[in-house]
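Here's the structure, in structure tokens; my notes come after.
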Amino acid sequence: MLTNWLHRVLPRKSIRGGRKREIPLAQHNIQADELSFAAEKVITRLQKEGYQAYVVGGAVRDLLLGVTPKDFDVATNATPEQVRKLFRRSRIIGRRFPIVHVMVGPETIEVTTFRGGVVNSHNELGRIMKDASFGTLEQDAMRRDFTANALYYDPQRQVILDFHHGIEDIRNRRLVMIGNPLERYQEDPVRMLRAARLSGKLGFFVDKYTSKPIAECAQLLQREPPARLFDEVLKILFSGNAQACLRQMAVLRLKNTHPLLDALMPGGESDDNIVALALHNTDERLRADKSVSMGFVLAAVLWPHIRDAWQREQAAGMRTNAAMNAAIASERQYVDKRWGVPQRYSVTMREIWSLQPQFENMRGARPYRLLGQPRFRAAFDFMCLRATLGELPQETVQWWQTFQHGSDAEREQLICAAMQMEKTSTRQKRYRNRRNKQSKQEEV
């Protein structure tokens, strides 16, 4: 009763943070051998040299949820230069707040120095511009974004340090901002996108104090660098639960933040079956720990725009291949600039799109040339996606599946059969045209 009353009458910051609690093994059940070899090695070396060192953030959260972390981050009171001297295969990166990448075998461990409580520079909107102050463990915990990410695991003592009731929030599947949410969003507006991504990915609900200022602060995202926003878009699309993240964005009223995200949200301009299917397939592949091509995903996400432009060009009298090239050219500025898609992805997208008309041409040497294209496999998978939704007949998919794996003789038979079908189709079309012409003359 008293706690509930305090929640109502006191600011969130007053009741959530500050006091360190040590959670023993019996209460968290995380075993040291659940850490990667690289993370344990880095922590052991830092502690051996007299520094504090902990696994921090999402890895601890995921282990508590029974999920195997994809990577492990380490926080320490050693400065980046001190960390760099301890590990031969390491490098310092970052300007706003330097961190160290330590390479151990094939794995890279991100090592950050505890952040201080003082921020060096804000702009007129409260946005952090420079943040290179180092501090204590307690100050670092206060600078974290969400309580679920402010947990520090010591594998030597097998304890978790919890400053903000993060374990309680994780068990209640609740996402809570540390400190004053309005101020934290002003410091870094991208935290609003993280709230949507983490709550959607983890199946958490966003605490009302955390969600309340988002509608007011959402417009701050428009001032963020496009490259930084696109990085967050990638994290959402590759979260393993992209559709849930996008639904959370709608719930939190995060509209007009990034053209790509706006289009993907329910009811957006790319609210299309092929987009939903592509996101579903991407989520399934990521959950199965399979590789995913970002260029392929974006090709599907932006396909409705290209498809509509392609159809318009064909309706204007252009041939199929030329119409596709014209559609890609006309939409290039829209895709590259308005959506902020980096060139390394847009090149793959355009190659996948440009090959689509060629799957409908099965005559002569054309199938062999298409089969030899570097992006054939991605373009074929994309064509299968389209066929699933009825944009192409399934017979086309079956023809290309057989052609890929057939012998030379089988391939020639397929080409001959395709040419014969095309001739028959052409004769039937001419016959229908003559009949229509005769009918019109008789009516006159």
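The backbone N, Cα and C atoms fix where each Cβ goes, glycine too.
Features of the protein shown, as given by TrEMBL:
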- Asp71: active site (ACT_SITE)
- Asp73: active site (ACT_SITE)
- Asp145: active site (ACT_SITE)
- 426-438: compositional bias 'Basic residues' (COMPBIAS)
- 53-175: domain 'Poly A polymerase head' (DOMAIN)
- 203-254: domain 'tRNA nucleotidyltransferase/poly(A) polymerase RNA and SrmB- binding' (DOMAIN)
- 317-435: domain 'Polymerase A arginine-rich C-terminal' (DOMAIN)
- 424-444: region 'Disordered' (REGION)
Note to self: As a test of reading the model: what is the averaged pLDDT for the domain 'Poly A polymerase head' (53-175)?
What the structure shows: 90
Item checked: the domain 'tRNA nucleotidyltransferase/poly(A) polymerase RNA and SrmB- binding' (203-254): DSSP-derived helix, strand, coil residue counts -> 36 helix, 2 strand, 14 coil
Checklist line | Sparsest-packed of the listed active-site residues (Asp73, Asp145) - C-beta count within 10 angstroms | finding: Asp73
Next item on the list: Could you measure between Asp145 (active site) and Asp71 (active site) for me? Cα positions, answer in whole angstrom.
Entry: 18
Next item on the list: Over the span of the domain 'Poly A polymerase head' (53-175), count residues by DSSP class, listing helix, strand and coil in order.
Entry: 30 helix, 43 strand, 50 coil
Next item on the list: Quick one: give me the count of other CB atoms within 10 A of the CB of Asp71 (active site).
Entry: 15
Check: Using DSSP, what's the helix, strand and coil tally for the domain 'Polymerase A arginine-rich C-terminal' (317-435)?
Finding: 96 helix, 0 strand, 23 coil
